[in-house]
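J.: Sharing a structure with you now.
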Amino acid sequence: MAPNIRKSHPLLKMINNSLIDLPTPPNISAWWNFGSLLGICLMTQIITGLLLAAHYTADSTLAFTSVSHTCRNVQYGWLLRNLHANGASLFFICIYLHIGRGLYYGSYLYKETWNTGVILLLTLMATAFVGYVLPWGQMSFWGATVITNLFSAVPYIGQALVEWAWGGFSVDNPTLTRFFALHFLLPFLIASLTLVHLTFLHESGSNNPLGIPSDCDKIPFHPYFSIKDILGLALMLFPLMTLALFMPNLLGDPENFTPANPLVTPPHIKPEWYFLFAYAILRSIPNKLGGVLALAASVLILFLTPLLHKSKQRTMTFRPLSQLIFWILVANLLILTWVGSQPVEHPFIIIGQLASFTYFTTILILFPMISTLENKLLNY
């Protein structure tokens, strides 16, 4: 019998082992769909971004006009822009759900896969931040000014670091051109890191909702999960197209329809919705360096989760107390997101401080404590 080219060809063999004959646990739920959705998001963003870059001018005097020109005069330019801007929002929705799944089902115990995933998240956040600056509207300009200024909190080298990042003494043309270069480059770094992420994942195989080994009972990825992923894609495309076609500016900031003006500060500078939780943590600490450290810790804390796992069970499926704490953490993040969008005044300041404190307490103290308690209750 002739060898199957799918299994013998050096390149096709890799695709086959990743997408066709990949042994997969039979009981993984829809929460396992988000990995493939993130891959599709990345491809969509790269394609729409490439087409937008063909019409964009990375110059502080022309950037705003070139984006306007793309929307008005380029065939389907408005659609490209709306898909790219709202695709970023969907990308973050998917990655947050993907991370939530990982926390709930103990996927972080695959340490290499988890750590590369956190690095992917950090790269994605950097990409989204530099991308938000490119339209050169008011919020783009002032967002860039505020966030890059945080580097000045680094002792001794802070000021030099900021001026080096800016390419001058303020956010100006050199800043815009280098941000465009970075925004073009980073998605390809994300794509290569994704391959590393998948390499580590396929080394161990997927986790499953029960958190038990499933080697004795696996099924091929295709057709079972390829069909399931296509359904997930259809369900994801629906909100994306609804958003891009009917409410394209729902998640944007009205300030960004005004060209950047260094002489006029917007009344309330805030990032896109997907960074608001971290922004709220940054603002809740009245000290600049402390705020920057808390901001970094809010995401870097994910690296610690494998070390904080004290339960004898992998997933939270049969741990109701841990489930309660998990959903409290989710609610807490939603509160932080809401507070981050509000002005810095009385009720919001204290709510933000309490929510920030609760965020770190939940992850660092409550999860390990509750897990240990559950072990005792279950006589482990």
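Yeah, the Cβs are placed from backbone N, Cα and C, and that goes for glycine too.
Feature annotation from Swiss-Prot assigns transmembrane segment to 34-54, 78-99, 114-134, 179-199, 227-247, 289-309, 321-341, 348-368; the stated evidence is similarity to another entry. Per Swiss-Prot, heme b b562 binding site is recorded for His84, His183, and the stated evidence type is similarity to another entry. Positions annotated as heme b b566 binding site by Swiss-Prot, on the basis of similarity to another entry: His98, His197. Swiss-Prot lists His202 with the feature ubiquinone binding site, giving similarity to another entry as the kind of evidence.
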J.: Counting only residues 6+ away from its ends, which parts of the chain sit with a Cβ under 8 Å from the transmembrane segment (227-247)?
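T.: Beyond its ends, the transmembrane segment (227-247) has Cβ neighbours at 30, 33-34, 36-37, 40, 79, 82-83, 86-87, 89-90, 94.
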J.: Looking at the binding-site residues His84, His98, His183, which has the shortest Cα distance to His202 (ubiquinone binding site)?
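T.: If we rank His84, His98, His183 by Cα distance to His202 (ubiquinone binding site), first place goes to His98.
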J.: What Cα-Cα separation, expressed in whole Å, is found between His183 (heme b b562 binding site) and His98 (heme b b566 binding site)?
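T.: Each residue's Cα considered, His183 (heme b b562 binding site) and His98 (heme b b566 binding site) end up 23 Å apart.
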J.: Most CB pairs under 8 Å with the transmembrane segment (179-199): which of 34-54, 78-99, 289-309?
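T.: Between the stretches 34-54, 78-99, 289-309, 34-54 has the largest tally.
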J.: Three states by DSSP: which one describes His183 (heme b b562 binding site)?
T.: helix
J.: Cα-Cα, whole number of Å: His84 (heme b b562 binding site) versus His98 (heme b b566 binding site)?
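T.: His84 (heme b b562 binding site) and His98 (heme b b566 binding site) have their Cα atoms 21 Å apart.
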J.: Of these binding-site residues, His84, His183, His197, His202, which scores lowest on Cβ atoms within 10 Å?
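T.: If we count Cβ atoms within 10 Å for the binding-site residues His84, His183, His197, His202, the smallest count is at His202.
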J.: Run through the Cβ atoms and count how many others sit within 10 Å of the one on His98 (heme b b566 binding site).
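T.: Summing over all protein chains shown, His98 (heme b b566 binding site) has 20 other Cβ atoms within 10 Å.
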J.: For His197 (heme b b566 binding site), which of the three DSSP-derived states applies: helix, strand, or coil?
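T.: Helix, per DSSP.
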J.: Which three-state DSSP class does His98 (heme b b566 binding site) fall into?
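T.: His98 (heme b b566 binding site) sits in a helix per DSSP.
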